[in-house]
Amino acid sequence: MALLQVLLLFFSLTLLTVPRSVSGEHEHNITALSARCDRAVSRHARQILQQYVFKHMHGKQRVDQLPASCPLAPLNDILLEHEQHKARKNKAQHRCTYCQKVFKNEFYLDQHLQRKHVDTIPHTATSCLAEVCDVLQCDWFSLHHQLQTSRMSKKKREEKARAAGAHCMPQAATRTRQLCEEVGNKCFPVQAHTGSQRDLKDPGDHKWDSIHEYWMHYFCAASTCNIDQKNELMLAVVDASTSYSRTIGIAVLLIVVLAMFYAGLYVWWSASSSAANDPSGKSKRVQPRPALTKPAGRGYINPPGTGAQPPGYGYSQHEQAVGQSGLGAAYATGQGQVMHSAHAQHAGAMHQRGQVGYG
């Protein structure tokens with residue numbers, strides 16, 4: 001009897017305690033991870049990746065082919081989905097493209113996305129880029145941008161940079177370098193990309209044939225408390241990205257200039273071909289209207305082949321006005337005065353007295 005009671009109690013507890021499903025537990029983990037992931041820091045890390053790392057990747061290993069275990073892969077970025085559904089009209093209008101609500105700054109928009117649209121984050125996204133911001137040297141890039149946009153002298157900028165690096169802890173720098181190497185081995189395995197990337201040069205004119213060597217030499221080696229070494233390596237990264245962007249801009253400008261040149265050449269060739277097919281040039285020449293002639297002793301006559309004209313076409317404006325007013329009209333010629341038959345009734349008397357005449 002006691003055994004039966006124990007079994008009934010165990011069965012009732014099993015029914016009351018509903019186990020959480022795997023999908024529900026995963027959604028809970030995503031919600032917790034996205035809540036503790038700093039969105040502003042992740043945005044900064046994402047910008048550094050796109051501008052200074054992903055830009056140099058092409059060939060066999062592209063950004064969309066990064067391993068699934070890579071924490072830098074866009075498919076693993078837990079906040080990328082939300083960042084792609086933001087629209088900014090100006091500094092005071094940030095719109096959520098999920099529900100079209102508008103917020104006065106990005107901070108409130110981030111809170112809205114976390115509260116209302118956390119279910120849109122893909123289940124495959126498990127990486128917070130803010131956790132690798134130290135590996136990407138986010139602090140150095142922030143300070144570099146701040147110093148470059150300030151009006152400080154070069155000496156003061158160097159002093160501020162050294163003061164910022166004075167708080168570096170050697171043990172923390174060592175852990176950051178180890179984490180950087182782990183990320184590099186996961187994201188850019190050596191056997192997958194050797195010789196497939198664009199050559200990158202450091203200040204010593206050494207060529208790096210792979211994105212793995214580029215990552216290890218610049219980002220991982222910059223995880224040090226040696227300020228001069230860090231500045232030298234990171235400035236080389238900035239220069240490499242700037243030169244790459246400058247090369248792209250020059251190529252685009254050259255393409256535009258060549259397109260304009262060939263367009264002008266085509267227009268000139270078309271005009272030359274038309275002129276060669278029509279030596280007389282009559283097809284392109286505008287034919288002038290035939291001039292009216294006035295033979296001796298007569299009014300204006302119609303040009304040959306022009307057909308009949310409306311009444312009064314052959315007369316000048318002055319002659320028509322005189323004829324319509326009843327004063328009469330006469331045309332003077334070298335042999336004398338000739339009376340036009342159309343106005344003889346109006347100007348007969350005046351013409352006989354010699355009061356009206358035209359020279």
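Cβ coordinates come from backbone N, Cα and C, glycine included.
If you look up TrEMBL, you'll see 1-24 marked as signal peptide. The domain 'C2H2-type' annotation in TrEMBL covers 94-122. The transmembrane segment feature in TrEMBL is assigned to 248-269. If you look up TrEMBL, you'll see 275-318 marked as region 'Disordered'.
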What does the DSSP secondary structure composition of the domain 'C2H2-type' (94-122) look like, as residue counts for helix, strand and coil?
14 helix, 5 strand, 10 coil
Taking every residue in the domain 'C2H2-type' (94-122), what is their average pLDDT?
94
